[in-house]
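Input: a single structure, listed below in structure tokens.
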There are 2 protein chains.
Amino acid sequence: MPNNVLYAQSGGVTAVINASACGVIQTARALPETFGKVYAGKDGILGVLREELIDLDRESEETIAGLRHTPGGAFGSCRFDLGDPDTHPEQYRRLVEVFRAHDIGYFFYNGGGGSMDTALKVARIADEMGYPIVSVGVPKTIDNDLACTDTSPGFGSAAKFIATVVREASMDVESMASSSTKVFIMEVMGRHAGWLAAAAALAQQSKDSPPMLILFAEIPFDQADFLRRLNDVIATHGYCVVVASEGLKGPDGKLLTVAQSHDVYAYTQLGGVAPMLAGMIKEKTGHKIHWAVADYIQRSARHIAARVDVEQAYATGAMAVRFAAEGHTGFMPVIRRLCDAPYLWTVDRVPLEQVANIEQGMPRDFISEGGYGITEACRRYLRPLIEGEAYPPYEGGLPRYVRIRGELLEKKLPAFELK
Amino acid sequence: MPNNVLYAQSGGVTAVINASACGVIQTARALPETFGKVYAGKDGILGVLREELIDLDRESEETIAGLRHTPGGAFGSCRFDLGDPDTHPEQYRRLVEVFRAHDIGYFFYNGGGGSMDTALKVARIADEMGYPIVSVGVPKTIDNDLACTDTSPGFGSAAKFIATVVREASMDVESMASSSTKVFIMEVMGRHAGWLAAAAALAQQSKDSPPMLILFAEIPFDQADFLRRLNDVIATHGYCVVVASEGLKGPDGKLLTVAQSHDVYAYTQLGGVAPMLAGMIKEKTGHKIHWAVADYIQRSARHIAARVDVEQAYATGAMAVRFAAEGHTGFMPVIRRLCDAPYLWTVDRVPLEQVANIEQGMPRDFISEGGYGITEACRRYLRPLIEGEAYPPYEGGLPRYVRIRGELLEKKLPAFELK
């Protein structure tokens, strides 16, 4: 009897993480001589620790196929990292108990750099605890900060959404600028790296077209310089579209929103750069301002996913399983770019050690000299990642997304209390 | 020689106002025995007063056809109302001078209730100043608050965007709720009427599914009651999705954002209900919260326009011209609903007096008894308005929108100074 497969989702979800799930599940099912049943952890590794395993045999083929066009994390995700094996050995003993109880031979963990560390820790169980588990990471993050891969599944679709709505909103602002709003600010995600802010530049149809000013997480915010440029842009174009990274930092290296949160509102999470900038610009210039904060909308916008992103999400899931079937373990599939235009790519793999807990920033030469735009190299890199459309089916005017039944396997072990 | 046609756009633009322009222009061109050349006012009535008339003969057929799928206001819009004829007679004298100088016999003004008042004032020029002008309003507003019409072109597409992204973001939140964000708040436009907030309810796939709590502009915000319900929803579902109208008011009838703006940031425009609620919920409950503000994104989201909305926008533009060709003046085309399901509609017309400066609120029986949801009657009304997809063409991964050349007619008059 071949061993069973356990798949789980981790970290912030994306518009296409379920497409990776679809790739994993369909590929494992297509190789019944290698893989037994396919289960999913409810809410990521937490569900594994709690022995909450979703029985995918009770999901229809249609539901599994529908994951390819369904955003969010269909099995639940989590923000939780395994403890250090030295200080939390009980967590690892528990994992082995759960794996053994359900004949799990393969573990696929779908997430970002932090989640790859979890996959790596599980891989080490095989050697250190003598339980033969194949542990594989499947890449995912809208932040595009995973190492060793051309891009991270999830990024391209968020980038396509951002570039599209910035183009659309800019046309709106331009229409009204002569007698109304002169400044529009859109805040995008990206705590440390400005990849999503950079993607907004793809909206530009010519050199000077909107967004005119991009505020990157990597470039310390210089208020005086920014206001000078803002006024220049308004003098030239009649309006200015600004895209700001949620991770924008002041000259002191502190996040703008955290630094000023006591002045703004009782709120210390990230987000809120746009209203803060709006208040400042209003005070300093008197211009009429509008602002938007896309937040989760940008990372769940499956309705405008990039086809290439959906394909890469599916392919990395599928190849994770194929490489495992070939006997590999402790790796993450990566995208290799073969050519910019036409965009040609293939799936390779790297050891988890090379990606676990590593954040890949944007190269400095991707940001233009002044610090408010992207370079041609960046544009060449980004352009293919938003290509193609992959519309979901619609019903009654809205995307028809699937929902799993989510029935759990019968538990075989006593409950486990997380310490 | 038939008289010339002047078309202009007014007020906040929409994803489909250019589809109405397309309907006006193509229909007028198809009736060369009735209509001469077709011009467009740059930036609405302001361009007419300034004698800034765009020569549409210099735009290609492709560009005019492309307006059907292009958001924003292609000719520029304005926030400007004509003065009272008694106190500002010079504005009306100027309009007649401009009309006469360019042989304008037909004026089509595309806007909301306030703009219909401008169209009405222009219509009265014919009698009061003896200049024979046919003046027609073309309906437009995402707020859905125009009187006498089943819906306003622009609303359906904004509603479809909102319902879609709320459905998508809700799936994201649900995935993460067990170990991360428990509350997601999305702020939507609508200063006085909660139509767009109501549209978010279309995202619901069953009675209890998200968005669980909708905060309408019409219902005074009761903080204690809201927090009680929020906690109930979280206890039952593990998370709560809230949709809040930008026009949310406190028990004193004052806008929440304006009332508290000195505490929040130096900013008195509308917008900012979401971060305000987030701060309050965080303080009172400690839950992790995310929030989004859609702002202009929602009214320019042509990439996910409702097909029926595009068709109605085009049809009201086209019928404005047809009715004018039949000899009518001083009217606005309206949508008449013939049947809910399947949605059947036709275009009729009403005198401008019946729509000018009138705001049509949401019937109270469209809001559910508790005040946080919509009734079945509201759902039946809204559902058909978001039906159908009408994707724009894409190029390089982004919608390919048209841009007019915008060359102005040679001026024949001295400059006019607005007082």
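Every residue gets a Cβ built from N, Cα and C, even glycine.
No curator has checked TrEMBL annotations; they are predicted automatically.
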* Name the residue, out of B:GLU90, B:GLU97, B:GLU218, B:GLU246, that TrEMBL lists for the same substrate site as B:THR141, B:ILE142, B:ASP143, B:MET189, B:GLY190, B:ARG191, B:TYR296, B:ILE297, B:GLN298, B:ARG299, please. => B:GLU246
* In Å, rounded, how far does the Cα of B:GLY12 (diphosphate binding site) sit from the Cα of B:THR141 (substrate binding site)? -> 7
* Structure fact -> Under a three-state DSSP reduction, the secondary structure at B:LYS140 (site 'Important for catalytic activity') is coil
* Structure fact -> For B:ARG299 (substrate binding site), the number of neighbouring Cβ atoms whose distance to its own Cβ is within 10 Å equals 29
* Can you tell which of B:GLY12, B:GLY190 has the most other C-beta atoms within 10 Å, given these are the binding-site residues? -> B:GLY190
* Asked: Can you give the largest Cα to Cα distance in Å, as a whole number, for the residues B:THR141, B:ILE142, B:ASP143, B:MET189, B:GLY190, B:ARG191, B:GLU246, B:TYR296, B:ILE297, B:GLN298, B:ARG299 that bind substrate in the record?
  -> 16
* Using DSSP, would you call B:GLU246 (substrate binding site) helix, strand or coil? -> coil
* Asked: For the recorded positions B:LYS140, B:THR141, B:ASP143, B:GLY190, B:GLU246, which ones lie near chain A, with a CB less than 8 A from one of its CB atoms?
  -> none
* How far is it from B:LYS140 (site 'Important for catalytic activity') to B:ARG299 (substrate binding site), counting Cα to Cα, in Å? -> 11
* **recorded positions listed as B:LYS140, B:GLU246, B:ILE297, least Cβ neighbours within 10 Å** => B:GLU246
* Which whole-number mean pLDDT does the model give the domain 'Phosphofructokinase' (B:5-322)? -> 94
